[in-house]
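Novice: First the structure, then my questions, so here it is.
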Amino acid sequence: MDSQVLVALALSLVGGLSTSIGAIFVILNPTPNLKMLGLLQGFAAGLMLSISFLDLAHNAINSIGFLKGNLWFFAGVIFFAVVANFIPEPTLAPVTNRKDKKKNGDEGGKDIMKKHRRQVLFSGIVTAIGISLHNFPEGMAVFLGSMKGLRVGLNLALAIALHNIPEGVAVALPVYFATQSKWQAFKLATLSGFAEPLGVIIVAYLFPSSLSPEILEGLLGSVGGVMAFLTLHEMLPLAFDYAGQKQAIKAVFLGMAFMSASLYFLEISLPKDLSL
């Protein structure tokens, strides 16, 4: 169990710290290419859909039966729907605020500029807190996937990592605008990603060291429901907004094809005791 926790921690660190990549995008270019972010979000959505329906939900139904598999799946959907209702996914709205700031600076004095900077900084901090709370169940998902096998955990971590890059942009952009500090923007975006390994650590001590195969498959079916809801409720709308519907759909199917290929190659290349 200790080795599984270490593997899950390493994978969740990769996924969580990908928010740092988003911060680097902001530091190098304070006005990010939203179309590229939309395509990246669409690609990650394709990865998530493949994992959810073709791997996690499929295996749960085959292992514990159609009814139980679907009950676990939709329990995951309801769980994350409740989370999303109280902690909505942040967007890149501060980009437009940056343009408004220039107008305000031209028209009306330093007081307005300072007030606007404080408002944008507050929005960045709130965004970081929201993303941290969002990332916590993602860390739990990586842990449960790693308990099933390295293949499942690796694919979940990859999809979540790509999803987290725009989240890093959403945190770093308002902080960089408000403070003009590259370090503060990078630091806050990076810290928001640490919720994922924290989720691994907490759930590792909550779950018993020997879960029954039926419970594990059910929990992974619930993870599939979480991933499906996250994709359809949050990732696809952002991809449509930033990249346009046609380009986003292409990115989604490219992501699905990529994940299907990776599932196959991991299945044939990993040792059998790791590719369960």
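Think of each number as a place in line: the chain as shown, counted from 1.
In case you wondered, yes, glycine gets a Cβ from its N, Cα and C as well.
Because TrEMBL annotations are produced automatically, they should be read as predictions rather than curated entries.
TrEMBL lists these features:
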TRANSMEM  6-28  transmembrane segment
TRANSMEM  37-57  transmembrane segment
TRANSMEM  69-88  transmembrane segment
TRANSMEM  120-136  transmembrane segment
TRANSMEM  156-176  transmembrane segment
TRANSMEM  188-207  transmembrane segment
TRANSMEM  219-236  transmembrane segment
TRANSMEM  248-266  transmembrane segment
Novice: If we skip the immediate neighbours and take only residues 6+ beyond the ends of the transmembrane segment (248-266), which ones have a Cβ under 8 Å from one of its Cβ atoms?
Specialist: 38-51, 54-55, 151, 154-155, 158-159, 236, 239-240, 242, 275
Novice: Cβ pairs under 8 Å only, please: of the recorded stretches 6-28, 188-207, 219-236, which one is richest in them relative to the transmembrane segment (37-57)?
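Specialist: So the stretch in question is 219-236.
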Novice: Taking 3+ C-beta pairs under 8 angstroms (sequence gap of 6 or more) as contact, is the transmembrane segment (6-28) in contact with the transmembrane segment (219-236)?
Specialist: no
Novice: Can you tell me which of 69-88, 156-176, 188-207 gets the most C-beta pairs within less than 8 Å of the transmembrane segment (219-236)?
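Specialist: Comparing 69-88, 156-176, 188-207: 69-88 has the most Cβ pairs near the transmembrane segment (219-236).
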